[in-house]
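The following features are taken from TrEMBL:
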ACT_SITE  215  active site
BINDING   59, 62, 151  Zn(2+) binding site
DOMAIN    49-239  domain 'Succinylglutamate desuccinylase/Aspartoacylase catalytic'
DOMAIN    254-327  domain 'AstE/AspA barrel-sandwich hybrid'
Ligand SMILES: O=C(O)CCC(=O)N[C@@H](CCC(=O)O)C(=O)O
Ligand SMILES: [Zn+2]
């Protein structure tokens, strides 16, 4: 096995490889770019013109996606997976991965689209570096661009695997990409309707990639992910990488949601009226008092069919403490 196929091992050990470029037996180039960052380039004759960014470990304790990326990269390094796409593997927050924590001081996934410029510290610098790595990778004109940012969630979920699709003014969400996600095992997609400061929002809004945050189950430590079934996603990713993806147009069984409101925590007096173990996608009744904050701010459910995802009263002031979502249709898809 090539040393660069062990990017995860290198990253967890905080080591730089002696050799930065290696070739697999069938001529695939692996190039180490920076800590937790490696580019895969197929031989020119095999290149199908697609660029795929696979990020994981943006939150250091979300290990199932990191292990999935590691398996794919090892398969490539051993010559078992034969890529026809360029691929950029990124482990988002190496120091948090080493410590088994979501983040150290700042949530990296709230520092994109320029937000890192308003902060200091290692995570702000890492977000800037990730933006630069993604910008360089997606700078070749005329190629298709796909970004999957792989996560697991803090809590259990009534819908286990789902995607979040960023938004940009004047750009329509793609039905073909949703069909691809359905085939990869996603059960629901949340269609965003405003700009954001996450990694996928950056690559979608600024780099013209088709970008998705994928939630794959509940976050657990390394080696304890038997309960997170990524088999359908893994199969689809291999097919995308090898350029032999079966055609699919079906959205059958895929639930679509849109954002009704983001619940923003404004002060330390913020209170969320939900049990600590509430699951993502839990339904909330009309009239339910969801949260209270400074200056008698009240969040009362006014939407028919409302559900909550990512409820988290512990976020820093000014950040999202949950998303209220409602069912939507496929009417706006391109
Ligand atoms: O379980 C949670 O509360 C958070 C899980 C997670 O990390 N989700 C991502 C979603 C990113 C997006 O909105 O596209 C995050 O919160 O960063
Ligand atoms: Zn995450």
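Here the Cβ of each residue, glycine as well, is placed from N, Cα and C on the backbone.
Overlay of TrEMBL annotations on the structure.
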residue : record              : Cβ contacts under 8 Å, 6 or more apart
59      : Zn(2+) binding site : 92, 93, 96, 102, 103, 107, 108, 109, 151, 219
62      : Zn(2+) binding site : 56, 102, 150, 151, 152, 219
215     : active site         : 151, 152, 153, 157, 161, 162, 163, 164, 280
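Helix, strand and coil content of the domain 'AstE/AspA barrel-sandwich hybrid' (254-327), in residues and according to DSSP, is 0 helix, 35 strand, 39 coil. For the recorded Zn(2+) site, residues 59, 62, 151 set the reference point as the centre of their Cβ atoms, and the other residues of that chain within 8 Å of it by Cβ are 56, 57, 58, 60, 61, 65, 102, 150, 152, 153, 219. Checking the recorded positions 59, 62, 151, 215 against ligand 2 with a 6 Å cutoff on the Cβ atom leaves 59, 62, 151, in sequence order. In the three-state DSSP assignment, the secondary structure recorded for residue 151 (Zn(2+) binding site) is strand.
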